[in-house]
Amino acid sequence: MAAVKTLNPKAEVARAQAALAVNISAARGLQDVLRTNLGPKGTMKMLVSGAGDIKLTKDGNVLLHEMQIQHPTASLIAKVATAQDDITGDGTTSNVLIIGELLKQADLYISEGLHPRIITEGFEAAKEKALQFLEQVKVSKEMDRETLIDVARTSLRTKVHAELADVLTEAVVDSILAIKKQDEPIDLFMVEIMEMKHKSETDTSLIRGLVLDHGARHPDMKKRVEDAYILTCNVSLEYEKTEVNSGFFYKSAEEREKLVKAERKFIEDRVKKIIELKKKVCGDSDKGFVVINQKGIDPFSLDALAKEGIIALRRAKRRNMERLTLACGGIALNSLDDLNPDCLGHAGLVYEYTLGEEKFTFIEKCNNPRSVTLLIKGPNKHTLTQIKDAIRDGLRAVKNAIDDGCVVPGAGAVEVAMAEALVKYKPSVKGRAQLGVQAFADALLIIPKVLAQNSGFDLQETLVKVQAEHSESGQLVGVDLNTGEPMVAAEAGIWDNYCVKKQLLHSCTVIATNILLVDEIMRAGMSSLKG
């Protein structure tokens, strides 16, 4: 300590016990903040930014991203928890709770003189055993719609209220089943999430097609067509400047007229090609024809297309081009040279919807769409943001379940069973590392305890009941948050993701052991030397 002080008199140093106390209090502080929003009965947090923006949430990931955390150890834990969300999409709050609890349990033994290194050895042994146990209790099953709905509901109910969660569950599962291809990874970008600020949140629905957030740019174009051909292209239908900076000089006004005509003809030829194709495929029938272009379309071209009864949308987003071809079929064209009927997609219904100043174009009734849209509705911005965060987590939960091919019982059942398995395993560990295993087992119980506490039940009483029921029946028993009584999680259809639990065990143990082994904290960066 003196050495650092000699080199840098301004350095701040915390040694041995003090360093550990600082770290443990930081972990417990963060744990106290997130403790109350675990599970379906958790409470909300209101975050007010410096500019006065308000955000209401109970999603641990959103909280940790938005909170300004000053303490270095607390921000380290927050980073680990948000990394957990990036990898698996869930488990942020559990992560913070378990790390805080591991340090709290370890602190009890360290205060009695046990060396942190011995506890960390116990933690490692316990982690290995817990992972083996997780392999035994995971339930491999056919990922049919029923199972996926249970998985999605379990995840979504922790983010939004039950009634809304049930509406979102079906939409989320059906959207994944629509975009899922055999033996290919699921690409969640193929689910577009579109917001509309009106009606109530339970009107959120799944559109088996695409919703674009702009409408046709011409007043004479039809607002609704049925049985429509869709042409997706990335071709400029407006006059563009040349790529190299060039200029034209003309001697007389006639020459200028010719030049303008030549420029117009260039674009008119492209428009004519589209119109010819429309006449070819539609004939005299009243089938619709829609052009969705990534680049611009000028007023003359819009006029010509409108006269032929073609709906044209310009400047569509690039990400929507890929979604369009997946939803409606067809091929996205970069030039109109090889324009033929095979390039066209098809949709049963295309219509424009106006909401205040905004226009939306719905492309629906597609045959077997490989890209779908979740249309979120809500009365205000807070609700929309909350639903959006929830849907993202719900989509990830369903994707994880399909990728893992297995699930584990939720409601704290796995943690209760794992703690009991670790207590039985404890005698086979040599020496004082047994205490580390005991600390790990006790720390895992924070999950069922907090679930019960947030639902308004006595946490000790509930935990004792659940443990007794588990010992008697040998089944994986969790907490029924409506009654506070034990219940078999699998029968109630409460499933968690296997990969989330696995990641939890890995990351919590690593961070808790690293924090325990810190015996000196120095704030002695270059900036503190100046002045």
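Our numbering is plain: 1 for the first residue shown, then up by one each step along the chain.
Every residue gets a Cβ built from N, Cα and C, even glycine.
If you look up Swiss-Prot, you'll see Gly39, Gly91, Thr92, Thr93, Ala411, Gly412, Asp496, Lys501 marked as ATP binding site, on the strength of similarity to another entry. Cβ-based neighbour count (10 Å, all protein chains) for Gly91 (ATP binding site) stands at 26.
A helical conformation is recorded for Ser94 (ADP binding site) in the three-state DSSP classification. Long-range neighbours of Ser94 (ADP binding site) (same chain, six or more residues apart, CB within less than 8 Å of its CB): Leu38, Ile447, Leu504. The ADP binding site annotation in Swiss-Prot covers Gly39, Gly91, Thr92, Thr93, Ser94, Thr158, Lys159, Ala411, Asp496.
Proximity of Asp90 (Mg(2+) binding site) to non-local residues of its own chain (separation of 6 or more, Cβ distance below 8 Å) is seen for Ser155, Asp393, Arg396, Ala397, Asn400, Asn497, Val500, given in sequence order. Residues or ranges marked as Mg(2+) binding site in Swiss-Prot: Asp90.
Taken from Swiss-Prot, the feature SUMO2 cross-link applies to Lys251. For Lys251 (SUMO2 cross-link), the count of additional Cβ atoms within 10 Å of its Cβ stands at 7 [all protein chains shown]. DSSP assigns Lys251 (SUMO2 cross-link) to coil in the three-state reduction, placing it in neither a helix nor a strand.
Marked as N-acetylalanine by Swiss-Prot: Ala2.
If you look up Swiss-Prot, you'll see Lys5 (among others) marked as N6-acetyllysine.
The annotation N6-acetyllysine is assigned in Swiss-Prot to Lys199 (among others). Under the DSSP three-state reduction, Lys199 (N6-acetyllysine) is assigned to coil, being neither helix nor strand.
In three-state terms derived from DSSP, Ser205 (phosphoserine) belongs to an extended strand segment. In this view, Ser205 (phosphoserine) is surrounded by 14 other Cβ atoms within 10 Å of its Cβ, with every protein chain counted. Sequence annotations record features per position, and here Swiss-Prot assigns phosphoserine to Ser205 based on similarity to another entry.
According to Swiss-Prot, the feature N6-acetyllysine maps to Lys287 (among others), an assignment based on similarity to another entry. Secondary structure at Lys287 (N6-acetyllysine), taken from DSSP and collapsed to helix, strand or coil, is coil. When Cβ atoms from all protein chains are considered, those within 10 Å of Lys287 (N6-acetyllysine) total 16, not counting its own.
The N6-acetyllysine annotation in Swiss-Prot covers Lys365 (among others) and is backed by similarity to another entry. A 10 Å cutoff on Cβ-Cβ distances gives Lys365 (N6-acetyllysine) a total of 17 other Cβ atoms nearby, all chains included.
Swiss-Prot lists Lys377 (among others) with the feature N6-acetyllysine, giving similarity to another entry as the kind of evidence. The secondary structure of Lys377 (N6-acetyllysine), as reduced to three states from DSSP, is extended strand. Neighbour density for Lys377 (N6-acetyllysine): within 10 A of its CB lie 19 other CB atoms from the protein chains shown.
Shown in sequence order, Ile193, Glu195, Ile376 are the residues of the chain, 6+ apart in sequence, with a C-beta less than 8 angstroms from the C-beta of Lys388 (N6-acetyllysine). Positions annotated as N6-acetyllysine by Swiss-Prot: Lys388 (among others).
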Cα distance (Å, whole number) from Ser205 (phosphoserine) to Ala411 (ATP binding site): 28
Nearest of the binding-site residues (Thr92, Lys159, Gly412, Lys501) to Lys365 (N6-acetyllysine) - Cα to Cα: Lys159
Nearest recorded site to Lys377 (N6-acetyllysine) by CA-CA distance, among binding-site residues Gly39, Gly91, Gly412, Lys501: Gly39
Nearest of the recorded positions (Thr92, Lys199, Lys251, Asp496, Lys501) to Lys287 (N6-acetyllysine) - Cα to Cα: Lys199
Residues satisfying Cβ distance under 8 Å from Thr93 (ATP binding site), sequence separation of at least 6: Leu34, Asn37, Leu38, Gly42, Gly60, Ala81
